[in-house]
Every structure is written in structure tokens, then in C-alpha cells.
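Data block below; observations after.
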Amino acid sequence: MAAAVEGPELEAAAAAGDASEDADAGSRARPFLGGNRLSLDLYPGGCQRLLHLCVQQPLQLLQVEFLRLSTHEDPQLLEATLAQLPQSLSCLRSLVLKGGQHRDTLGACLRGALTTLPAGLSGLAHLAHLDLSFNSLETLPACVLRMRDLGALLLSHNCLSELPEALGALPALTFLAVTHNRLQTLPPALGALSTLQRLDLSQNLLDTLPPEIGGLGSLLELNLASNRLQSLPASLAGLRSLRLLVLHSNLLASVPAGLARLPLLTRLDLRDNQLRDLPPELLDAPFVRLQGNPLGEASPDVPSSPVAALIPEMPRLFLTSDLDSFPVTPRGCSVTLACGVRLQFPAGATATPITIRYRLLLPEPGLVPLGPHDALLSHVLELQPHGVAFRQDVGLWLLFTPPRARRCREVVVRTRNDNSWGDLETHLEEEAPQRLWAHCQAPHFSWFLVVSRPVSNACLVPPEGTLLCSSGHPGVKVIFPPGATEEPRRVSMQVVRMAGRELQALLGEPEAAVSPLLCLSQSGPPSFLRPVTVQLPLPSGITGLSLDRSRLHLLYWAPPAVTWDDITAQVVLELTHLYARFQVTHFSWYWLWYTTKNCVGGLARKAWERLRLHRVNLIALQRRRDPEQVLLQCLPRNKVDAALRRLLERYRGPEPSDTVEMFEGEEFFAAFERGIDVDADRPDCVEGRICFVFYSHLKNVKEVYVTTTLDREAQAVRGQVSFYRGTVPVQVPEEAEAARQRKGADALWMATLPIKLPRLRSSEEPRRRAGLSLAPLNLGDAETGFLTQSNLLSVAGRLGPDWPTVALHLGVSYRELQRIRHEFRDDLDGQIRHMLFSWAERQAGQPGAVGLLVQALEQSDRQDVAEEVRAVLELGCRKYQDGIRRTGLAPKDPALPGSSAPQPPEPAQA
């Protein structure tokens, strides 16, 4: 979440994070002291540094008003340091004593060692802002209750099980945050905080609220999300100043009718409760969010009427792979698709019955919108009809395998709305250690995919100004002054790190260093009315006291430009001990470099490309029992060994190619050469070349059946498969010409691996020819897709020793299986073809036969063959649709996003 602070807290929050240099460089603590700000939370030993300053008593120390100190310290040293504050920093206005700077192996923030505060801290007479988040407090320290000028108290991520009654005696408190604790009850005295404006009690164990809470007459925002509340006191209707009330993820069965009469309420979040009835004023109010409630359903314990007792629970549908649509009624339903997708339609989501269609699409560049540092984690799910607006958001769960590197990255569901793509608020749910659900609320139906991206922090910038901080890199901040915008606008930031050793290897300069790469974006006008201050950490290992300013470069990149521009001479760089600050009026990409090189812009482009490149290997393996079946795969270098250990039981072939570098979403193709050709009509085959798109977290694997026109009875055919970058050109170059293009930095050729088709024994050829004399057969129908005799032969040629498992899943009896084995003993190909074609003949004219075959292949762990069958069906269905379009018998289908074909207007949203 973005750290956004508005109004009077802006100055305290911005200043408390700054670290300025002092004129006296001899002291090891002085560089963190400047003006009225002191920041000691970024490096270990903060307590020692502060004690050192207290002993020296420099004049600047008496002027400090803002102090930040990490609580990841020795508890005794921390207590001794805090005891010095009333005497040494008597003017202190803001005190931040936070943990959370350290993380565990899963990336979660660790709590600090703070369990209490010295009693003497109540002597900080001017203290207005106290942040004790991410600590180990079990009770609120008594000294806090005597801080009469305290305006903001932050206690989130502690171990508090209760709040003291005396908390109600703080006369100046305007902001109280106690999220992620263990609160079970609230003191009635809380209602005496007459000046309180914002109260956040989310993520606790509260099951009731005291009626006195209605006495908070100045309260503007109240957040009670993710508790155990079953009811609300009627006194909440007395909060006449309330504008925001968040109650999602509780156990509420009803809410007070008086909430509908709060005059200033602009948002009421009641999602994911047990609400079955609601006052009419709230039910139709545009500011109320109700998703995830069983509105209109009868209570499971006491039916509201005899008729209601007869209403069954929400239907649950489990769709097999041969179905591509399902009905939804106003009662709602829960749907599980065979492709690893779940949908939850709440009751009342649609006013009339509607048929939902879906399909899972293979990703391709025109369909998958990725940012420069994004990674695709799933295939593309299309839900139709497009643009339909539901009365309540539909729950959507997409299954994916989590990426290994998750620090400073997040997983989101990306969707297309109108003509643009956007990311939905996404929650992750674990199904198994290596399988996660990405859960979101779908406001409309369109295309959906799961993406891993750098953590994005965002906030709404009001005319009063605000502060935006990076949650993954605390030193990265953007400060918006008052008057920067006339209307509120949404801004976001992403931060990407680059390893120092990679940069040093690229430049050949051991002392070269860079800051994190910062990307800023916004909505609304391109420029701000007043300059916005951006703070970046200095490059790693560089401090404000030791750097040579002639080697420091501020680089700027605005898409779609090719190179980075050095704008150091165009801005004023303000340097502190740890940070560089500069002002901008519009947003783009910014990067600090420290190097002796000239022409830094060109080097930055190469470094940025290096950040986005994946080191991969290409493999080509042939099935041991069927050499005509070739597996082609592109794998990240760290996954190759594990993949080969799994594959070499059934496949054999040459060593993987040398390591090559590829971008996420880069297209390439495989070309069989020297007498070997692809033996199938496939939608991914162009001019005999197999097309790929590289996605680092997907399998990037295809299995093809190859053939040759050369005489295999005389000798084995020694061919090869070559991999080339880009799409298949209109004029495919001859093999000799392609070989000449293999050298050079911009060469399209990546690798060549040998393929060998062994010499045929004289007894094999008659058997193969006999196998081709089977009666003509089409399985399926032309409209939904069919498999021809050639297609079935291709499937038979790929099953190998897995055919008995597939046969059993197709419903072939074990006795028939034994008979086929005996009749075609010593002839594996004959066994497979006889089983498959005899089953297909029995299925002639039966609906769902092709779907049954696909399901049997999947259940037999032959997903590769199942995917090729789907591709053949899609190709056949496409040809059929093209044919009836040419005859004018059907309208043209809508084009996919990113295609050049014109799209008919989608249904308008309700």
C-alpha cells in the first residue's frame, strides 16, 4: 500500500524520513543531523549514534523536532537511549520508533524489540506525532497517556489485546491507528475523544463495539474491516461528520437503518459479510459496496417463509473440458472450470438469466500487455459477453504457479476495459505450496490474465498536497506541495533494483554504481502546477560526503524514446548524506548513475536491457519409442537441469544449446532443416516453421510430429532444427543464407540442434503402410471442431507406452486392453492405432466425443497431446467459420484485442 499522508501530517512524515549532512564531518553521527531533522533508522547502530550525539550536545541537537529510530536494537541499549530524549531533545514534535526494517525469508516485515517506553518520555511536552508500529507492545505504555499534545498515535502491527480507559483523556488526538493487533474489545472511554478525526481498527478480533463510539462527533473516517463484528450499535448513526465507513470482511447480518441518513457519508464498504437484508436507502445508494453478501437469501437456520425453505442453496457447477458455456440465473452460482478457473456469481448479480461463454487462449504479444519489467504467469482467460455490467461484482479465481523471486514484486490480475488495460485489486490464496489462486472482483467481462510486476505504490493527490513513499524501498519518496494540482489526480510509482556487479561487469568499472530505477506515472494533465520533489537514494556505496559530483548523472527516459537523456545540468540536485533530491513538473523514468564514463545515456539503455533479459537454453528431444515425435522447449537457465531429469526417462537428444538472452514476450520460431519437415497442419505452424513466444514463467514447450521425404530404408536421416528470433518472415531464407547471418550482434539465429530419424528396418514399412489403410473417420462435427483420420494418426503416433492409461480413461475395458495387446504383440504402433480407431468408430455420431478424448489425455498426464488436439480443433473451427462467412451465412466474430481487424461495438454497460 502507498504511504500517503495529507494535511498537517505531511510535514512531519516527510521530514521524519530525511537525513541531512552536517558541516562537521569528523563525527560519525553528525551526517544524520541537519536542521530540525534526525534520521537514524536506515543503518544498524542508530542508538549508539544518538547516544554519541547526546554526549557531544551539539547546538543542532537542541533544535531537533523530528526523530526516526529503528527498534531492531538491543532492548537495554534502546531503553537507555530513549531515556535521554527528554533532556537532549526537549523540542521534539515527531517521534518514530518503528520496526519493520528487517524481513524474514518470505519477505514479511519483522517486529522490533520495543515492549515498553521509559516513564520519562511523558516529559516531551511538545510531542504531537508518535509512531510505534511494527513492535512487540502487549500493553500501551503509561507515559503515552500523559502526552497531552499528542495528535497522531500509530500502534499498528503490535500485540495489543486491549486499550486502556485512560486513552480517552488525550484531548488533542486526531488520528489513531491500531491495525493488525489482537483487540477483542474497546474501552467505552474511547467515545470521549471529541477531536478524533480518523480511527483505524482493522485486522483485529473485535466482535462488538461499545455504544459510546457514537460520541466521536468529529470523526471523518472509521475503518473496522477484517474483524468479527456480528452487529453494530445504533449510536453509529450519530456520527454526523462521518465520510468513510469501512466494514468489509466481518460477520454482520444487518446494519443500523440510521446509517442511510448520515449527511456526509460518501463511501460505505460492506463487502464480504453475512447481510441478508438491508434498508432500501442503502440498497440502492451508489456509495455502498455490497459484493460477497447473500442478499435476498433466506437464513439457513430459520427460513423466512415456507416458500423460502424450499429454495435450494446456490448451485455449484463443475464444467468438463468439452463445455465452453454455462447459465447464470438471479439466484447466482459457483462455477469451477476445467482450465483452473473459479467464478462466484452472488445472488442478484444479474436480474435476468444469462449464458456465459469462456475460452482459454494461448498468450501472444498482441493479446498480452506487459510493462518493461512485468512477467506473465498464466494463459489468457476470455469471458463473454464482453462489457456486461453486473449488479454485484463477480468473484474470479485464476490458478497459477508463483514465481521464485517475489521480493519487491506483486501479483495482480490484469483485464481489458473499453480500449485500455488495467490491474484489479488482487488477493492471493494458497492451494498448495507451489500453486496459488489470484482472487479478484471482476466488474465486467473481458480478457483476464495473471501478471507479476514490481510493487506499485499509488495515492490520490489532493490540492492540499501529499507524500508518496515506496513500500519496498523506504528511501524513495515523492513530495507533492500544496497547489501542485487543482483537481485530485492519481499517481503511482514502481521501483526496480539493479545488482551492482552486473553494472560493473557491463561498464568494466569496479567503482560504478546506480540508484534504484524509478518509474512515475499519473492520470490527468501531463504537468503539475508546482514542482514536485523526488527523493532517490544515492547509488550503493556512495555518500554525500565522499562523492565526486562530476561523476554523478541524473538520467531521464520518456517512452517511446530509444535512449536515456542526461539531465544533470538541467535540474538542481540537492545532496544529503544518503539521498539526492530534485524537482520535476511531469513524470517518467529517473535513474541516478555514478561513473567516470561519458555518453552515459547509451550505457543506460544497455543496462536497462540487461535488467529485462532472461538467460535461457533451447532443447530439442526425441521420444525414445517414437523418434518422429520431437519436443522443443525454451527454458530459463536455472530450470534446465530439473527439466532434463524429468524428461530423459522418455526422451533423448543432444545437450541443450548455449545460453542465449531473450526478453519477456519475445517471439521466435523453430525451423526443421536438412530433409526434415513438420508432419501436421497446426495453427502455430507457418511455412513449416513452429512459432513460439517466450514467457519466463510458462512452459514454452511444443511437441511436433516430423517426417522426411528422404529414403530412410537406405540410411538414417541426419537433420537439424534451428531457432531464430522474430516472426517467420514472408520470404523464409534458405538454409545457407541463414547460416551466413548467424554471426554478429544483431543476428536472428540463436541455436541449431541435431535431429536424427533412424533407419527403418524392412519389417517396419509394411506395418506403417498397413496402419494407414484404416477406414476414413471424422470424430466430432465441423462447427465445434473435428478430428480427421490424419489427426487421429498423429495422436496415435505420440501416445507411445502411455496408451493403456489413456485407453482406460476413455472407458476401454481391461479385458479389451489385454486382447489388443495379444493380437498386436510386438507391434506397439498397431496396438495404439487399433485401440484409438476402434474407440473412435464406436463414438461416431456421439456428442462430446472429442471432449472425452481431451479429458482422457489430461487425466493420463499427456497435457502436451491434449493441447495439440485443442489447437487442431481451434484451427478447424476457424476454417469452418471463415467458410460460412465467405458464403454470408454468419456474422464476423469480434477480433481479439490488439488485432488489426475492426471490432463491432460491444454491449454498453448498464
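Just so you know, glycine gets a Cβ as well, placed from its N, Cα and C.
According to TrEMBL, the protein carries these features:
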ACT_SITE  His444  active site
ACT_SITE  Ser446  active site
ACT_SITE  His586  active site
ACT_SITE  Ser588  active site
DOMAIN    322-454  domain 'ZU5'
DOMAIN    455-596  domain 'ZU5'
DOMAIN    788-873  domain 'Death'
REGION    884-910  region 'Disordered'
CB contacts for Ser588 (active site) [other CB atoms within 10 A, all chains]: 16
Residue, out of the active-site residues His444, His586, whose Cβ gathers the largest set of other Cβ atoms within 10 Å: His444
Local Cβ density at Ser446 (active site) - other Cβ atoms counted within 10 Å: 21
Pairwise Cα distance for His444 (active site)/His586 (active site) [Å, integer]: 32
Between Ser588 (active site) and Ser446 (active site), the C-alpha gap once rounded to whole angstrom: 29
